[in-house]
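Following: one structure in structure tokens, then a few remarks.
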Amino acid sequence: MTTTIRSGRLSGWESFCNWVTSTNNRIYVGWFGVLMVPTLLAAAICFTIAFIAAPPVDIDGIREPVAGSFLYGNNIISGAVVPSSNAIGLHFYPIWEAASVDEWLYNGGPYQLVVFHFLIGICCWLGRQWELSYRLGMRPWICVAYSAPLSAAFAVFLIYPVGQGSFSDGMPLGISGTFNFMLVFQAEHNILMHPFHMIGVAGMFGGSLFSAMHGSLVTSSLIRETTETESQNYGYKFGQEEETYNIVAAHGYFGRLIFQYASFNNSRSLHFFLAAWPVICIWITSLGISTMAFNLNGFNFNQSVLDAQGRVVPTWADVLNRSNLGMEVMHERNAHNFPLDLAAAESTPVALIAPAIG
């Protein structure tokens with residue numbers, strides 16, 4: 001009989017595995033983190049370089065490049081990483097697919113590099129949240145809550161461009177680019193009249209309201225552990241078992257302010273509601289973006305309201321329709337991209353004499 005005694009020294013691979021999965025590290029790495037770190041670094045580095053120095057991009061595919069970087073006259077507000085060209089469409093466009101680096105830059109290759117690495121990175125961040133919760137014996141609801149902004153990012157950076165047929169329709173990576181995306185989205189899909197967007201607004205504003213209400217109620221019903229001359233914050237010790245506020249007092253106040261059943265008498269159900277309300281609403285909004293990506297748009301009221309004599313009764317819907325058309329015209333300023341809902345109508349003369357050119 002042969003007995004094998006294993007050496008106490010670990011191999012390099014075993015040491016690496018122990019380090020990756022250790023919860024004693026100052027910052028937990030995890031197996032998802034092994035992929036998250038390089039992808040997010042690649043996205044951040046490419047974004048920074050492109051924001052500073054990228055040349056203009058032929059976003060519409062019509063040889064009219066749009067500049068988005070600092071070196072081409074933009075500032076922190078107007079700057080953006082411009083989406084890849086409409087000539088590329090939905091083709092995967094890594095740097096080795098272009099004939100040269102100049103061509104790759106001209107067609108907006110950095111946008112795809114940033115977006116794809118970013119999406120992989122934030123998926124790994126979600127997985128890392130679950131992994132750390134699992135190793136600490138916690139429930140997985142933190143990563144479930146994070147899935148709400150994750151779904152929103154996938155909706156605007158991947159699902160919407162796929163539905164529209166080109167990554168040039170993706171959201172530009174910049175402040176003014178984000179607002180431009182919002183205006184164009186409203187013009188083409190009437191998102192303000194989509195019920196899923198309305199639910200998202202209720203989630204955002206409602207979540208902010210509920211958060212402020214909860215914080216103010218807790219702060220107003222703290223159990224005093226300090227003197228008048230000390231900060232109330234010193235009355236709490238990290239890890240203490242005792243409640244730091246009186247939930248009975250908060251429940252009684254809010255129940256009398258509105259009505260009894262508007263107030264939670266269970267701290268766990270209260271905090272679940274505070275997490276679930278905005279998360280579910282953002283999920284629904286992301287679903288709305290994903291459906292509008294395939295042109296299942298918001299409600300439209302293109303037919304004006306008429307009175308008994310056939311006269312148009314002006315409504316807010318008419319104002320909204322005109323603003324949508326105006327935004328669409330400004331966005332698609334070239335004749336061959338002219339909005340179909342305007343081009344299909346009878347031409348209306350706006351000048352009696354054609355202006356002389358030159």
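Using the three backbone atoms N, Cα and C, a Cβ is placed for every residue, glycine included.
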- For the transmembrane segment entry in Swiss-Prot, name the matching range from 86-107, 196-217. 196-217
- Task: Kindly point out the range from 117-132, 245-260, 293-308 that Swiss-Prot annotates with transmembrane segment.
- Result: 117-132
- Item | Candidate recorded positions TRP125, HIS189, PHE264, pick with smallest Cα gap to HIS117 (chlorophyll a ChlzD1 binding site) | TRP125
- Message: Please list, in sequence order, every residue of the chain apart from HIS214, SER263, PHE264 whose Cβ lies within 8 Å of the Cβ centroid of the quinone site.
- Response: MET213, LEU217, ALA250, HIS251, PHE254, LEU270
- Query: Which of the recorded positions TRP125, HIS189, HIS271 has its Cα closest in space to the Cα of PHE264 (quinone binding site)?
  - Reply: HIS271
- Message: Counting only residues 6 or more past its boundaries, what in the same chain has a CB within less than 8 Å of a CB in the transmembrane segment (117-132)?
- Response: 23, 28, 30-33, 35-36, 39-40, 42-43, 46, 140, 142-143, 146-147, 150, 153-154, 157-158
